[in-house]
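S.K.: Residues or ranges marked as transmembrane segment by TrEMBL: 12-32, 225-249. According to TrEMBL, the feature domain 'Fibronectin type-III' maps to 32-137.
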Amino acid sequence: MVLEEIKTSLIMWFSYALIPCLFVDGVAVLPAPQNLSVQSTNMKHVLTWSPVTVPEEIVHYSVEYQGEYESLYTSHIWIPSIWCSPTQRPECDITEDITATVSYSLRVRATLGSLTSAWSTLKHRFNQNSTILTPPGMEITMDGFHLLIKLEDLGPHFEFFVSYWRREPGAKEHIKVVRPGVLPVYLETVEPGAAYCVKARTFVKAIGRHSAFSPTECVKVQGEALPLALALFAFVGFMLILVVALLSVWKMGRLLRHSCCPVVMLPDTLKITNSPQKLISCKKEEVEACVTSGLSSEELLKAWI
């Protein structure tokens with residue numbers, strides 16, 4: 001009785017363990033993974049499939065891909081995925097495997113010990129052109145009177161087109177192109193009391209596509225415009241500084257002029273006055289006694305000339 005129960009239990013356990021397996025020519029074979037599909041968003045590509053379940057066992061999976069060149073010229077060559085050969089999860093990030101804008105074939109198989117399933121191939125070839133581009137996440141901040149934007153990091157493939165404007169009738173909309181890795185980004189010096197609005201979208205040059213714009217976000221700058229009295233005070237201060245500067249330049253010019261070209265005072269004997277002067281006349285031919293005579297101013301002038 002006990003032996004029969006043990007025998008029955010062993011048969012049931014063995015049968016239960018092989019439930020997910022198929023028998024081909026009397027040999028147990030793992031079923032191939034089913035329902036292969038690729039989820040691609042913002043140039044991140046993930047291959048998923050339905051898991052092969054074996055109770056109390058861990059099934060491993062291998063993923064391989066084939067590019068357009070291999071499928072045309074070397075169809076027997078498949079390349080193992082970088083991160084998913086093997087893997088225990090029923091999904092594989094194939095982003096780094098998809099390096100060109102061409103169609104790729106993908107296939108998966110399951111492995112359990114010495115058991116290996118057949119390859120299951122993706123029904124439709126995958127091209128990264130079909131990726132879904134979503135609007136970027138963004139955060140608007142203020143640094144004093146500087147308007148800044150911080151954008152979601154989506155990877156090296158992405159550029160951002162940021163549109164911003166002052167919220168008022170007839171305001172001009174500005175566009176700024178932001179390269180990846182330049183974060184946060186300065187947009188504009190704002191005015192106190194004004195409101196500014198910002199929106200952004202992504203662009204992927206490799207596939208020539210862009211996303212929709214993100215929802216518009218507006219921010220109001222704290223503070224008020226400078227009052228008239230403060231502006232007048234600033235103007236008066238500027239004029240005083242200007243006057244002091246001009247006076248300093250004038251004074252410096254006078255000092256330089258007197259230093260370079262000083263005023264020479266003539267001796268009294270060379271000055272011509274209205275009162276009679278004495279003129280000393282000496283002959284050049286011989287040395288004689290000087291005769292002093294009194295002359296009028298006009299005569300003195302003629303004699304000097």
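Don't overthink the numbers, they just go from 1 along the chain as shown.
Backbone N, Cα and C define each Cβ position, glycine as well.
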S.K.: Determine the mean pLDDT over the domain 'Fibronectin type-III' (32-137), rounding to the nearest whole number.
M.R.: 93
S.K.: DSSP-wise, what's the residue breakdown of the domain 'Fibronectin type-III' (32-137) into helix, strand and coil?
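M.R.: In the domain 'Fibronectin type-III' (32-137), the DSSP-based counts are 9 helix, 43 strand, 54 coil.
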